[in-house]
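Asks: Okay, here's the structure, questions in a sec.
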């Protein structure tokens with residue numbers, strides 16, 4: 001018996017996605033799955049919620065006839081008979097509601113844990129009143145407002161306490177290449193006397209040496225710049241009347257009549273009667289974003305918002321839910337007042353809300369905090385963890401209660417959802433002629449390496465504080481301060497990756513169509529993979545598992561491949577077939593053990609086909625490189641000249657990190673979480689290693705020996721012999 005009609009709604013509102021609804025006709029009866037208990041009101045609840053102390057049915061029938069309560073092995077039985085995850089005991093939260101999961105004996109347990117690896121900076125102690133009066137003195141700083149913060153956050157120029165008491169009485173010094181503002185802030189020396197108030201107090205523009213340099217006109221900007229009215233900020237003239245608000249007072253987007261500005265047709269739509277540029281994703285979305293409504297003209301069909309419904313025979317009218325079944329014909333065909341009796345019989349079989357769909361039937365919906373289950377009729381508690389709606393890193397949910405936690409080395413912030421790491425992160429990125437650094441906390445940027453020819457790829461070695469980069473004009477790989485480690489026989493090295501565990505460097509040769517490897521100093525160079533490599537572009541490593549990933553722009557079959565870091569077990573893990581994709585940048589999410597590549601923005605677990613897609617955003621029009629940090633994904637975009645970021649789980653909260661005057665290329669986040677430690681299978685107690693020349697990590701924390709060019713591996717699989725002169729190639 002057919003009891004449902006499914007329809008697809010294409011919904012476009014600043015981001016494109018598709019929503020599928022099943023509209024249900026009146027059911028003969030309502031049943032629950034075998035693992036669920038049916039309440040009298042047709043609500044289905046998990047069997048494990050019976051007799052747990054919570055009124056889940058709404059009429060207490062799930063708590064009646066309670067005799068004795070037992071919990072599964074991985075759960076704790078509260079004194080109130082409620083079951084909670086065992087990991088929630090002694091965590092300083094009253095999850096039972098009667099504090100039976102937080103007895104005074106928990107204080108003794110916490111003290112015992114001090115002898116193991118325990119996050120001391122989050123530890124506080126019970127006193128005999130059950131309160132938490134003091135911060136742990138060895139690892140925490142006590143703010144004036146009573147908050148406890150990591151002791152390393154003291155005097156770091158960040159207001160971590162919220163009352164600035166962690167920055168009170170601090171004496172900050174600047175490096176030899178920095179200028180110290182009167183406020184104590186440090187900025188790059190070359191930012192002084194450039195006409196910009198970088199210090200915030202103008203001390204960088206008023207000190208004695210400023211007379212040597214040519215400043216901007218007094219109170220004004222250079223000819224190629226536009227000055228914002230409110231604060232006098234100077235921005236590039238090309239940002240004037242481009243549809244994006246760059247001045248706080250909107251002055252760069254005012255009085256644009258007659259302004260000769262061309263929209264970027266690849267990512268923008270030009271309104272007909274104005275010079276305004278809007279995102280293409282806003283066209284035909286049911287909202288009039290252009291003053292002349294030209295973004296909604298010539299649309300094949302109007303798409304209603306999720307909270308609105310289209311009339312049955314007139315697709316030009318969208319009605320809000322409150323207009324349905326209100327006794328008034330708002331649709332010309334009266335379809336908003338028909339079928340209303342479907343919800344009047346047993347609420348249409350819906351456990352909560354029943355709504356009429358004009359000309360179709362009805363639809364069940366849920367109140368805030370709940371979502372439809374698999375039967376599309378019964379509401380259940382919203383799954384915050386499965387959909388990554390709350391926690392930035394780790395998530396655990398028991399009914400409506402959600403607990404967030406963090407990866408190792410990270411700490412939960414005061415919002416109890418976000419995570420913070422004591423190590424201050426910064427972005428390193430290349431823009432052909434420079435390698436720049438951006439402080440992710442303060443937003444300040446500086447030039448690390450100036451005067452380059454054509455730098456594309458870059459990576460770093462955290463423990464050695466060393467930076468590596470490629471130059472496709474000079475066909476060389478550099479590290480540190482212009483030390484050449486690879487200088488002969490290169491042909492467009494576009495991708496680069498450092499093995500921070502075994503101490504090797506990998507790169508792709510896009511013109512030679514091969515992947516090579518050498519020691520970090522450039523010696524012992526050898527070809528790792530060649531043949532059936534058409535146009536390799538990006539490369540990424542996970543030395544913990546010994547896996548190498550790379551993208552290939554093969555025109556006939558764009559793909560992502562993987563092999564061990566010794567070149568064994570090669571396989572294709574993703575193919576672009578018929579979708580027009582072109583895998584470009586590539587990185588590893590080390591915390592979740594999955595890879596992320598950028599074409600639109602897709603992610604793929606190492607051994608799984610679960611994928612998320614972020615597409616259609618104006619800052620994702622020609623992406624080049626991608627990296628990860630914490631709960632966010634970062635990428636560079638050529639067409640908009642931006643570095644941007646978004647939530648790595650949902651794709652939401654797209655934010656511009658930095659605008660650039662030229663195209664940005666590769667980027668990395670310099671942080672310990674981007675190079676997690678693991679045992680080194682190439683290490684031996686004598687420090688010589690198991691191989692005579694080059695040791696490469698294989699799958700399952702094993703190793704394989706390899707030989708540099710002109711040498712061969714002997715029968716023992718460890719010794720190389722030949723004519724190699726052990727030089728940097």
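Here, residue 1 is simply the first one shown, and the rest follow in order.
Note: Cβ is positioned from N, Cα and C throughout, glycine not excepted.
The model shown is predicted, which means the values in this text are computed figures rather than measured ones.
Sequence annotations record features per position, and here TrEMBL assigns disulfide bond to 32-44, 39-57, 71-83, 78-96, 143-161, 155-170, 174-186, 181-199, 241-256, 284-299, 325-340. Taken from TrEMBL, the feature domain 'EGF-like' applies to 342-380, 384-420, 681-721. Residues or ranges marked as repeat 'LDL-receptor class B' by TrEMBL: 503-545, 546-592.
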Asks: Any idea what the Cα distance is from residue 174 (disulfide bond) over to residue 78 (disulfide bond), rounded to a whole Å?
Replies: 55
Asks: Translate the DSSP assignment of residue 71 (disulfide bond) into the three-state scheme.
Replies: coil
Asks: Please work out the number of neighbouring Cβ atoms within 10 Å of the Cβ of residue 57 (disulfide bond), leaving out its own Cβ.
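Replies: So the number of other Cβ atoms within 10 Å of residue 57 (disulfide bond) is 20.
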Asks: What's the CA-CA gap between residue 340 (disulfide bond) and residue 170 (disulfide bond) in angstrom, rounded?
Replies: 69
Asks: Could you say whether, by DSSP, residue 83 (disulfide bond) belongs to a helix, a strand or a coil region?
Replies: strand
Asks: Cβ under 8 Å, sequence separation of at least 6 from the ends of the domain 'EGF-like' (384-420): give me the contacting residues as numbers and ranges.
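Replies: Residues 49, 54, 56, 84-85, 87-88, 93, 95, 119, 121-122, 147, 150, 162, 369, 591, 630-631, 647, 649-650, 672-673.
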Asks: Just the number: how many Å between the Cα atoms of residue 181 (disulfide bond) and residue 170 (disulfide bond)?
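Replies: Cα to Cα, residue 181 (disulfide bond) and residue 170 (disulfide bond) are separated by 15 Å.
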Asks: Quick one: pull the CA-CA distance for residue 96 (disulfide bond) versus residue 83 (disulfide bond), whole Å only.
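Replies: With distance taken Cα to Cα, residue 83 (disulfide bond) is 8 Å from residue 96 (disulfide bond).
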Asks: Across all the protein chains here, work out how many other Cβ atoms are within 10 Å of the Cβ of residue 143 (disulfide bond).
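Replies: Around the Cβ of residue 143 (disulfide bond), 19 other Cβ atoms lie within 10 Å.
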Asks: Looking only at Cβ atoms, how many others are within 10 Å of the one on residue 181 (disulfide bond)?
Replies: 20
Asks: Using only C-alpha positions, which one of 39, 143, 186 is spatially nearest residue 256 (disulfide bond)? These are the disulfide-bonded residues in the record.
Replies: 186
Asks: For a quick check of understanding: among the disulfide-bonded residues 39, 155, 170, 325, which residue's Cβ has the most other Cβ atoms within 10 Å?
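Replies: That would be 325, with the most Cβ atoms nearby.
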Asks: Identify, in sequence order, the residues in the chain of residue 44 (disulfide bond) that are 6 or more apart from it along the sequence and have a CB within less than 8 Å of its CB; answer 'none' if there are none.
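Replies: Non-local contacts for residue 44 (disulfide bond): 32, 33, 36, 37, 38, 351, 373, 375, 378, 380.
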Asks: Look at the disulfide-bonded residues 32, 161 and tell me which residue has the greatest number of other C-beta atoms within 10 angstroms of its C-beta.
Replies: 161
Asks: Looking at the disulfide-bonded residues 96, 256, 284, which one has the fewest other Cβ atoms within 10 Å of its own Cβ?
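Replies: Ranked by other Cβ atoms within 10 Å, the disulfide-bonded residues 96, 256, 284 bottom out at 256.
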